[in-house]
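Colleague: Structure incoming, see below.
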Amino acid sequence: MASMEEFHPDPRIPRQLVDFLIANYSVPKACFSKPPAASQLPQQLDTLHLCTFGILTILVIISLILYLEEAFYLRKKVLCPVKRKTLLWSSASPTIIAIFSCFGLWIPRASMFVDIAIGTYFAICFYLILTVIIEGFGGKDTLVKKMENTDVNINTGPCCCCCPCLPRIKLTKRKVTIFTLGVIQMAFLKPIFSFIGLFLWADGIFNPDDISAQSLALWMGTIIGVSTIIALWPIGILFRQAKIHLNDQNIGAKFAVFQILLILTTLQASIFSILAGAGQIPCFPPYSSKARSQLMNNNLLIVETFLLSIVARNAYRIKDEEAGFSFKSQRM
C-alpha cells in the first residue's frame with residue numbers, strides 16, 4: 001500500500017472525490033499514487049510480470065551485442081574518421097533508446113527522466129541523419145558539385161508538401177549551410193527546453209502532464225513541435241536526392257530507421273499519454289493509469305527498437321572506402 005508521502009491524487013480530481021472512491025468503492029490507493037520504487041518492484045510484481053521484464057531486458061542486451069559487433073565492423077571497414085564517428089552514433093539510436101526504455105522499465109519513478117533522455121538523444125539524431133546524407137555524397141563540397149546541374153525540388157514535407165508552386169533551386173554551399181542550421185536548431189532547442197523543464201519541475205512550476213492553456217508544458221511542446229517540422233524539411237529535401245544517388249549505401253533503409261524511431265518516440269508516447277489522460281487505460285496496482293501507460297510504452301519500445309536494431313545493423317554494416325568532407329588523404 002502506498003504511503004501518504006507517495007499519495008499524489010490527480011489535481012484535476014477533487015480530493016474529497018478521491019477519498020470517497022477509496023473508502024466506498026474500494027479503488028486501490030495505488031491508482032492515485034506514485035509507481036513503486038525500484039527496490040519495491042520485485043515484491044509487488046507477480047512472476048509473469050517479472051518474467052516479461054526479464055525477457056525484455058534480454059532483448060536489450062542482444063540489441064547491445066548486435067550494435068557492438070556492428071561498431072567493430074565500422075571501425076575496421078570505414079576509412080574516413082569523420083564519417084565513421086557519424087555512422088557509429090547514428091546507427092546506435094535504436095540500441096540507446098532501448099537501453100533508456102529498459103531503465104524506465106525497472107525504475108518506473110524515473111519515467112520523466114527517461115523521456116527527457118530519449119527526446120534529447122533523438123533530437124541529436126536529426127543532425128546525425130543529415131550528416132550521414134551529406135557525408136554519403138563525400139561532404140558538402142562534393143554534394144554541391146554533384147548537384148550543380150540539378151534543380152532541387154523543395155516542396156517536400158512536412159512544411160511545403162502542399163506547395164507545388166515553389167520554385168526549384170540550385171544547391172550552393174550557402175544553402176546547404178542553411179539546411180544544416182535548420183536541423184541544428186532542433187538539436188539545440190530540445191535539450192535546452194528539456195533541462196529548463198527539469199529545473200522548473202523540481203520547483204513545482206512545470207508539469208509535463210498539464211496541457212491546459214496556461215501550462216508551460218503546452219507552450220514548450222508547441223515550440224518543439226514547430227522546431228521539429230522545420231528540422232524535417234531540409235532533411236526531406238536532401239533525402240530526395242540521396243535516394244537517387246546513394247542507393248548503394250542503403251540510405252533508404254537508414255532513413256527508414258530514423259523515420260520509424262521518430263514516430264515511436266513522439267507519436268506512440270503521445271497516444272499512450274492521451275489514452276491514460278482520457279481514462280482509457282485502467283489502473284492496475286501497483287501502477288496508476290499514467291504509470292501503466294508509460295510501462296506499456298516502454299514495453300513496446302523495447303520490442304520495436306530490438307527489431308529496428310537488426311534493420312540498422314544490416315543498413316549500416318557496409319564497407320566504405322570513400323572519404324567524407326575533405327579528409328581524402330586520411331586512411332587507416
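Cβ atoms here come from the backbone N, Cα and C positions, even for glycine.
Sharing the record's features from TrEMBL:
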- 47-67: transmembrane segment (TRANSMEM)
- 87-107: transmembrane segment (TRANSMEM)
- 113-137: transmembrane segment (TRANSMEM)
- 176-201: transmembrane segment (TRANSMEM)
- 216-239: transmembrane segment (TRANSMEM)
- 251-276: transmembrane segment (TRANSMEM)
- 296-316: transmembrane segment (TRANSMEM)
Colleague: Thinking of Cβ pairs under 8 Å, which stretch from 47-67, 87-107, 113-137, 176-201, 216-239 has the most of them with the transmembrane segment (296-316)?
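Modeller: The stretch with the most contacts is 87-107.
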Colleague: Under 8 Å between C-beta atoms and at least six residues away from its ends: which parts of the chain pack against the transmembrane segment (216-239)?
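Modeller: Counting only partners 6 or more residues beyond its ends, the transmembrane segment (216-239) has Cβ contacts under 8 Å with 126, 129-130, 133-134, 143, 152-154, 156-160, 178-180, 182-183, 185-187, 189-190, 193, 196-197, 200, 205-210, 251, 255, 266.
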